[in-house]
Amino acid sequence: MTQPSVILATASYDHTIRFWDAKSGRCYRTIQYPDSQVNRLEITPDKRYLAAAGNPHIKLFDVNSNSPHPVMSYDSHTANVMAVGFQCDGNWMYSGSEDGTVKIWDLRAPGCQREYESRAAVNTVVLHPNQTELISGDQNGNIRVWDLTANSCSCELVPEVDTAVRSLTVMWDGSLVVAANNHGTCYVWRLLRGNQTMTNFEPLHKLQAHDKYILKCLLSPEFCDPQRYLATASADHTVKIWNVDGFTLEKTLTGHQRWVWDCVFSVDGAYLITASSDMTARLWSMASGEAIRVYQGHHKATVCCALHDGAEPSSC
């Protein structure tokens, strides 16, 4: 099977994962996922594999195959896996779960290599661009930085007590981190680094982005510069695009009929793909703010999406 240059995948409460031709909107492959719902999708940096985070497993599927079976299953979480991602050269994977742990997995060896205890259900985990720190957000409102070199928690923040941190995002150059919560608020910190590690969170801005839950926040990628944007996807059915310079509202993307659970930028930041409870995913033009493609085929809520339209990485 020849691999399309753009890989778009979505997953739904209908227990399927679908691969789409992003340009035409055609679904060309459907994987049945009967074990559980899929909470998060992520594509490896080399575009070879798709990770599906479920309950309680993470399964790795071959992007270039028609096989319905995963090539690997990662099994030591004991509850919903809410976050999954990869180190930039694809050697290891990280995950966060409602079982209260953050884990690291070596993709070249079986089993979990490291585990960190968050002591509350983990909703979101991101990897700092320096590749040596993970940042997690949990249901009790805690943000923790896990120093992978020291193998310990190096920083703890609680922006709003007892308000779940739903989503975290870090600017590609490591200069900013944004946390979005269940009150529709985004907290923005400038990251001050000493010796190339993240040592200080300096409060920069508090943004009341939505009146309802923010389910995903995402900063624009490197090739979008000098424009820098923050996308916030919400239970209010909209996605808002904010200019990071002053956090002014640039656009509101309207069209979804239900909660918007997930979003992902194209590699150049010119497009955004969103996943919604209205059973669709949509492709939006960042220039016009209009939906230019609707991906229809799921029979229940579409809750996560993954896109890889960039070149394969040379190395970190």
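Quick reminder: no glycine exception, Cβ is built from N, Cα and C everywhere.
Model, not experiment: these values are computed from the prediction.
TrEMBL has this to say about the protein:
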type   : residues : note
REPEAT : 1-30     : repeat 'WD'
REPEAT : 74-108   : repeat 'WD'
REPEAT : 115-156  : repeat 'WD'
REPEAT : 207-252  : repeat 'WD'
REPEAT : 253-294  : repeat 'WD'
Before we move on, state whether the repeat 'WD' (1-30) and the repeat 'WD' (253-294) share at least 3 Cβ pairs under 8 Å, counting only pairs 6 or more apart in sequence.
yes
Spatial neighbours of the repeat 'WD' (74-108) not adjacent in sequence (6+ beyond its ends, CB under 8 Å) are 36, 39-42, 44-46, 51, 53-60, 114-127, 131, 134, 136, 138-139, 146, 148, 313, 315-316
Same-chain Cβ contacts of the repeat 'WD' (253-294) under 8 Å, 6 or more residues past its ends?
8, 10, 12, 20, 22-23, 25, 40, 213, 215-216, 218, 220-221, 223-224, 227, 229, 231, 233-235, 237-241, 300-307, 309-310
Can you give me the average pLDDT across the repeat 'WD' (1-30), rounded to a whole number?
90
